[in-house]
Amino acid sequence: MVLAEDLECLKALALMGGMREPVFISSQTLGEVLETSPQTASRRLKALEGQRLISRTLNPDGQHITVTKEGEDGLRREYAEYCRLFAHEGGHYTLPGIVISGLGEGRYYMSLEPYKKQFLRHLGFEPYPGTLNLRLSGSDIPTRKKIDSLTWIPIHGFSAEGRTFGEVRCMPCRINDIPCGIVVPGRSHYPEDIVEVIAPVGLRDALGVKENDRVNVEVAYD
């Protein structure tokens, strides 16, 4: 886990352009940016480097620093958490569903690297290989349609292994404070009473649910 003060330092380096290219900075200057001593700034850099969140090349009068992919992913997770936090100011829809078995295809699709990278970038987590499948009652279809009218995140398709994998839509959501995402294949005629949910953990185990148990999915809106 990244400490708050180290995350502050990482954010400052990213704002200087460290995610695009190496930035040259001394511990003295970084300390001034962070309103702390050069020694403390140096310790934070060592901590970030130790966690592989930055890479750096030392020079006599400073250092070239680059925010690594791991560092960028850490910032994206932080951003996603703030988005979920403040999105609740608008309100939320609650979508109750009954746990059902799927076809097992979710495990395969969630293991594909191009999908995993996009979910990490947009949702702030790498999905557990598999989906939680829920069936809605007829009375909850209107709520599902309201959620469908919100702005969804497109997950782009790609070609691999001699196959073409289509676009997927996803919607950030939560189940019992676990960050999740509703996923809908791009193909038309997807059943409106079925909801597939991804998460960073296996939801059946994390929630302690089994077939025919009831689960509430919460979707925030502005």
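The backbone N, Cα and C atoms fix where each Cβ goes, glycine too.
It should be emphasised that the depicted structure is a prediction, and the values quoted were computed from it without experimental measurement.
For reference, Swiss-Prot has these:
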{"type": "BINDING", "residues": "G102, L103, G104, E105, G106, R107, V201, G202, L203, R204", "note": "CDP binding site"}
{"type": "BINDING", "residues": "T131, N133", "note": "Mg(2+) binding site"}
{"type": "BINDING", "residues": "S188, E196", "note": "FMN binding site"}
{"type": "REGION", "residues": "1-92", "note": "region 'H-T-H motif-like'"}
{"type": "REGION", "residues": "93-222", "note": "region 'Riboflavin kinase'"}
Open item on the list: Need the DSSP three-state call for N133 (Mg(2+) binding site) to compare against my parser.
Closed with: strand
Open item on the list: To the nearest Å, how far is the Cα of V201 (CDP binding site) from the Cα of N133 (Mg(2+) binding site)?
Closed with: 14
Open item on the list: Radius 10 Å, atoms counted are CB only; among the binding-site residues G102, G106, which position scores highest?
Closed with: G106
Task: Candidates T131, N133, E196 (binding-site residues) - the one closest to L203 (CDP binding site) by CA - done: T131
Task: Per DSSP, three-state class assigned to E196 (FMN binding site) - done: strand
Open item on the list: In the three-state scheme derived from DSSP, which category covers V201 (CDP binding site)?
Closed with: coil
- [ ] For each of the binding-site residues (T131, N133), count the other CB atoms lying within 10 A of its CB, then report the residue with the highest count.
- [x] T131
